[in-house]
Amino acid sequence: MAAPVLRSLGSLLCLWALGLPVPPAGPGAAARGLDVASYRERVRAMFYHAYEHYLESAFPYDELRPLTCDGQDTWGSFSLTLIDALDTLLILGNVSEFQRVVGVLQEGVDFDIDVNASVFETNIRVVGGLLSAHLLSKKAGVEVEVGWPCSGPLLRMAEEAARKLLPAFQTPTGMPYGTVNLLHGVNPGETPVTCTAGIGTFIVEFATLSHLTGDPVFEDVARKALKALWKNRSDIGLVGNHIDVITAKWVAQDAGIGAGVDSYFEYLVKGAILLQDEELMSMFLEYNKAIKNYTKFDDWYLWVQMYKGTVSMPVFQSLEAYWPGLQSLIGDVDNAMRTFLNYYTVWKQFGGLPEFYNIPQGYTVDKREGYPLRPELIESAMYLYRATRDPTLLELGRDAVESIEKISKVDCGFATIKDLRDHRLDNRMESFFLAETIKYLYLLFDPDNFIHNDGSDFDVVITPYGECILNAGGYVFNTEAHPIDPAALHCCRKRKEEQWEVEDLMREFYSLKKPKKFTLKRTSNHGEGKGAKDPEDASSEKGGEKRNSKKSSHSLLSCPSQSFNSKLAVLGQVFLDNT
């Protein structure tokens, strides 16, 4: 069953999610009086209002505190907002700032720090953001080095960050701890309880890293973690919310599509698309059957007990709003639209999505009334609009712009909404506001963006193994909205040591056989690869110590232990009452 679905994924992804022509829908946005270009420019202005105040008031901290006009470190002291916003700059067309930030990050970001970091968040935000920016560098006019996209400073940074996470995967089950100290590794006293999403959300970034660097360890650990979750699903085909990574015992047995589980399902689909992997898609389709059988009620998705299928919480969480977009990627557009419209009614009720919404009561849940400017409903609108051209989806974008500007905008940026009932604000602007919310809004209103490329435009890169096509579309967004070019995974087929041996042989061959003026270009001249160099120019730069600079061993020493409840609070999880 998986094979025909998988074969259609490429066309589904390009036709619906990424901008190829689709059959015409009903009346367009113009018929409803929505000025798409005007809203696109308003989104652009929102980005710069937030971004410039981050630079002025918060950099080099991770995040902006918009009410006090200062900054704070939240996920590890990486200048996280800058990394998260980097590919958004290019999507908005700002190549000069993209180039400047690349230089700033190379000079200023250090992963050899005594910081306890979330393995999940560091992967999706830092590793994902650096990989995406690396693969978009040529399009942004950055002078790429010889061997790109199989080498480059941003790729080396992504690899270094990912290697800091590898000690977390050294468990009997292959499922990772939730936290790792970037300098010392995992504390022997670290809690072994990790949420399901914190285990199953690595294959997109880690497989990309393995394909680009030639080191299989990243993809291997990501696959092992995915298979461990699959092996430990319940007899009725569901997974719970938190599991012990040492014993594989479920600690929180609530099953659903939202917080603590969400991006596990997302990465089965996106991993299948990225890698053309039938096994991953087969896993998701089996989960999808169980989800429909046990959790779906009138196009809502509830939380149920993973072994019995009985309803445990009749709530909708804002994080679940990614689901219609995911459904669109497997071609289930009708069901996706019905669920989306349910979620949209909640947005209209409050001007945003509360973290929890009690479906039978039709109102917020106590202490979960906030809206931290999450992107998930806008993300689904972007995907579904590519699939259907239904103007209702643009209306959600309009409502989001109007609402966020009205109730969240302050002098120093955009503030988290602490309570949607009275619009009280909280002193935080999470990095995903620039990485995801703004990006998906902009792409919803920008049908001609390069992200929506239909394959008619592309770049040719000459590698030691032949031609490689890049930037032809079909981008796969990680769960932090960092686009990965799947074509790049086919550019670097051999291990790095073998790659450089081939390059050295080719360099020697051409120096002997060709006229002196001959140069072996690594990138095509489409007006963007101005940094392409001849192999001879890079021989000293690439020939020696930089190739072998990675450490061969990693410490597994200590970091301060956190209690289970403290861990959940740090990671933003919500199932304390049930654990």
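Backbone N, Cα and C define each Cβ position, glycine as well.
Those TrEMBL annotations? Automatic predictions, nothing curated.
The following features are taken from TrEMBL:
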type	residues	note
ACT_SITE	Glu121	active site, proton donor
ACT_SITE	Asp262	active site
ACT_SITE	Glu355	active site, proton donor
ACT_SITE	Glu376	active site
BINDING	Thr479	Ca(2+) binding site
COMPBIAS	525-547	compositional bias 'Basic and acidic residues'
REGION	521-560	region 'Disordered'
SIGNAL	1-21	signal peptide
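Overlay of TrEMBL annotations on the structure.
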| residue | record | Cβ neighbours (10 Å) |
| --- | --- | --- |
| Glu121 | active site, proton donor | 24 |
| Asp262 | active site | 25 |
| Glu355 | active site, proton donor | 23 |
| Glu376 | active site | 25 |
| Thr479 | Ca(2+) binding site | 25 |
How many whole Å apart are the CA atoms of Glu121 (active site, proton donor) and the residue listed as 'Ca(2+) binding site'? 10
Pairwise Cα distance for the residue listed as 'Ca(2+) binding site'/Asp262 (active site) [Å, integer]: 10
C-alpha of Asp262 (active site) to C-alpha of Glu376 (active site): distance in Å? 11
